[in-house]
Amino acid sequence: MTQTVKLILEDGTLIEGESFGAYTSAAGEVVFSTAMTGYPENLTDPSFAGQILVLTYPMVGNYGVPGEELYESISRIFESDKVHVAGLVVNYYSQEHSHWHAAKSLGDWLKEYNIPGICGVDTRLLTKKLREQGALLGKIVAEEDIPMHDPNLENLVAQVSPAGVQHYGHGQHKIVLVDCGTKTNIIRCFLERDVELIRVPWDYDFTQLDYDGLFLSNGPGDPKMCQATIGHLQKALQQDKPIFGICLGSQLMGLAAGGDTFKLKYGHRSHNQPVKLTGTQRSYITSQNHGYAVDPTTLPSEWTMLFENLNDGTCEGIQHQTKPFFSTQFHPEAAGGPQDTEFLFDQFLDEVEKYKQASNA
Ligand SMILES: NC(=O)CC[C@H](N)C(=O)O
């Protein structure tokens, strides 16, 4: 039996569709992704917390959802241990799925986490609206109407960050990972290299720890909500130990350095965002999921833009002119999306090795 649900936007737009996943109401910020595949990764990316995700690819669900497998006590498959989106909007939801690795349907998976899906929506029209007006608040309404809710007014990072410290791996380089909502592929990328990882909560005072390099993860919401992390990071910027940040981590680095961030009109969410490495003609196709960006004109003079988005010219990463501190607004760990920039993990660990040699000399 099909059940009708509504998608209502803050500008008064009302779209009727069919329910799949949980038959329940949910409110959040409505954003779109033009990625053509990768919904198991997207939906479990903690950076989507509080957001109702519109997928522009016209048929969704046909490869189901893979079964869980563990690797070093973290998921081998998913980007965290739960579905983080507040709701899902698609055009055609494929009731049937077929894939060698599928364990369940997308609809059943959403039901497990009580997340509503709405299908039968003209996602092209909806995306045009979001591109013209910018990201809008919205709600999926089943039986019960609920108020609109702006997730960016909350500290979402505090909600998705772990409660305690965890250790992984036995490699040579001791890296502190500040977990503001990390994707597990970042952990996998480190563990495939020569690393011992100390994963700490977003507000943990890591400056007390003994480590060789600092990593700042991705995460949901407005980076300015993470004042505790910014405070600790300011201390780390006084030292010379290498620092690498991805996405929210890049924004936190910019804020700690004294720069500013701003909200993009509708963000970058896809697997084909072109970025150019500053000072070269070299470009990369990258995986992205962000709604905020660093304003490079606000950075102090010892900082420069490392990558630039070739679609809209916005900042896709920053670097310190003399110290081994750099960041990317895009996702070198991909999952999903192209892995062309994964070499940045190697560059970071090269900096860590150089720093260790210099300090032992
Ligand atoms: N993926 C991320 O880390 C996103 C960072 C931040 N929440 C933004 O939307 O810009």
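In case you wondered, yes, glycine gets a Cβ from its N, Cα and C as well.
Feature annotation from TrEMBL assigns region 'CPSase' to 1-174. Under the heading domain 'Carbamoyl-phosphate synthase small subunit N-terminal', TrEMBL lists 3-141. Annotation comment: TrEMBL describes Ser47, Gly219, Gly221, Leu248, Gln251, Asn289, Gly291, Tyr292 as L-glutamine binding site. Under the heading active site, nucleophile, TrEMBL lists Cys247. According to TrEMBL, the active site annotation covers His331, Glu333.
Of the residues the record lists as binding L-glutamine, namely Ser47, Gly219, Gly221, Leu248, Gln251, Asn289, Gly291, Tyr292, the two whose Cα atoms sit farthest apart are 13 Å from each other. Proximity of the recorded positions Gly219, Asn289, Glu333 to ligand 1, judged by a Cβ distance under 6 angstroms to any of its atoms, singles out Gly219, Asn289 in sequence order. Other residues of the chain with a Cβ within 8 Å of the Cβ centroid of Ser47, Gly219, Gly221, Leu248, Gln251, Asn289, Gly291, Tyr292, the L-glutamine site, are Asn218, Pro220, Asp222, Pro223, Cys247, His290. The two recorded residues Gly219 (L-glutamine binding site) and His331 (active site) have their Cα atoms spaced 12 Å from each other. Most buried of the recorded positions Cys247, Leu248, judged by other Cβ atoms within 10 Å, is Leu248. Separation of the C-alpha atoms of Asn289 (L-glutamine binding site) and His331 (active site): 8 Å, rounded to the nearest whole number. Around the Cβ of Glu333 (active site), the number of neighbouring Cβ atoms within 10 Å comes to 27. Residue counts for the domain 'Carbamoyl-phosphate synthase small subunit N-terminal' (3-141) under DSSP (helix as H, G, I; strand as E, B; rest coil) come to 27 helix, 53 strand, 59 coil. In the three-state DSSP reading, Glu333 (active site) counts as coil. Taking only the Cα positions, the spacing between Gly221 (L-glutamine binding site) and Glu333 (active site) is 20 angstrom. Taking all protein chains in view, 20 other C-beta atoms sit within 10 angstroms of the C-beta of Tyr292 (L-glutamine binding site). When the C-alpha distances from Tyr292 (L-glutamine binding site) to the active-site residues Cys247, His331, Glu333 are tabulated, the minimum falls on Cys247.
In terms of C-alpha distance, the listed recorded positions Ser47, Cys247, Gly291 place Cys247 closest to Glu333 (active site). In sequence order, His84, Gly181, Lys183, Asn218, Gly219, Pro220, Cys247, Leu248, Asn289, His290 make up the list of same-chain residues 6 or more apart from Ser47 (L-glutamine binding site) whose Cβ falls under 8 Å from its Cβ. In the three-state DSSP scheme, Leu248 (L-glutamine binding site) is classed as helix.
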